[in-house]
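Below you'll find the structure, written out as structure tokens, and then a few comments.
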Amino acid sequence: MGRRYFGTDGIRGTVGDAPITPDFVLRLGYAAGKVLAGTADVAPGARPTVLIGKDTRVSGYMLEAALEAGFSAAGVDVMLAGPMPTPGVAYLTRALRLSAGVVISASHNPYPDNGIKFFSADGNKLPDDTEAAIEAWLDKPLECAPSDGLGKARRLDDAAGRYIEFCKSTFPAAFDLRGLKLVVDCAHGAAYQVAPHVFHELGADVIPIGVAPNGFNINDGVGATAPDALMRAVRANRADLGIALDGDADRLQIVDASGRLYNGDELLYVLVQDRIATDGKVEGAVGTLMTNLAVEVALQRAGVQFVRAAVGDRYVLEKLREHGWQLGAEGSGHILSLDRHSTGDGIVSALLVLAALKRSGKTLAQMLDGVTLFPQKLINVRMKPGADWKDSASIRAAIETAEAALAGSGRVLIRASGTEPVLRVMVEAQQAADATRHAEAIAEAVRAATA
């Protein structure tokens, strides 16, 4: 049986609509606490402890309180990190030997949305069977622990400082960032107190933007999903590079001095090239169904195996573990380097790219010389939840028409989002006009068939 609540990245939705309601989130905390109480590795007589972090959405306060109450009712102690990047929660959970970590965030989504995602004690996303166990507990009545068995809550001292030091530790000790002017866009999100300090403490001249969260402006015209603000700031300040994170700082996009934007596909290629230069060989790397065909060709030309996973960083991670490889990425900016962190980390990924540039003495454009991305057109078609599109003859006809026209020179990919009620229509072609024309035709067929 499929999961009812957990998607590809936890549980997510619009605040106030099921399941992102205070009563459900309280029960979710209780259910997760009961599962942890039965599986956590703790000393006899001790209680499991979970860490809760959040991004800057106004609803985070409400959902944090609900989660805290649920865990306490289940007899689980809680540590509160406050605003903290998703990868920061993963790191601190592992470093502090806690039973689990929880992030309250909807990542790149607008502020009316929010979500809950969990990390296991080792800083990895929960396996499917644990999520299924939590869902099973949601069907059971909430039976509060007796007063002497309730969990306690406390703030984690200097959570931001601990994570800042971890990020800096991933940058080579022989290098620094002196002489480099960086614009750092934190999307008014979870990294606003962290990211500028990391790059500044390594020596960079940092110009921060997107660092004034008010509860309502996360990802609003800033960050990795809206890079125009960063591109303008880089040019206006004559900066060397710009770094864009998303609302929970697990995604990365980079802008160079000319204003050119580099996505996760291109940054993966840069990191693979750096590993080849330092280690002599990279056996393989993982992308997704959305990874640009030009990057796959370039990696194979460099002698690197390339495997495509389903879209979602958890699936990239699964493929990396399956093959025993280190590097993987999504074009959206989730970049995994498993010898540095257990999950995608926008700040750490930026430091890895900066280290690659330092070692090579090249610019990003020079490191990507000869790699010309195929134009891609991505259209998100909003649909009613549960709308059926797979059996539509008109949609199938539009897809087949595009595939026939692009045979051997492009790709068509249609998939439902795992986090939003949208159908993603992606067409890749050698000519941008062809990609746009076919994507728009398919999107219009979807709209007509699912109206």
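Just so you know, the numbers here start at 1 and follow the chain as drawn.
From the backbone N, Cα and C atoms, a Cβ is placed for every residue, glycine too.
Per Swiss-Prot, the features are:
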- S107: active site, phosphoserine intermediate (ACT_SITE)
- S107, D246, D248, D250: Mg(2+) binding site (BINDING)
- S107: phosphoserine (MOD_RES)
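A straight line from the CA of D250 (Mg(2+) binding site) to the CA of S107 (active site, phosphoserine intermediate) spans 8 Å. Compute the center of the Cβ atoms of S107, D246, D248, D250, which mark the site for Mg(2+); besides them, the chain residues with Cβ within 8 Å of that center are D55, P85, T86, S105, H108, G189, A190, A224, L245, G247, A249, R251, G346.
Non-local neighbourhood of D248 (Mg(2+) binding site): D55, P85, T86, V103, S105, S107, G189, A190, each in the same chain, at least six residues away, with C-beta under 8 Å from its C-beta.
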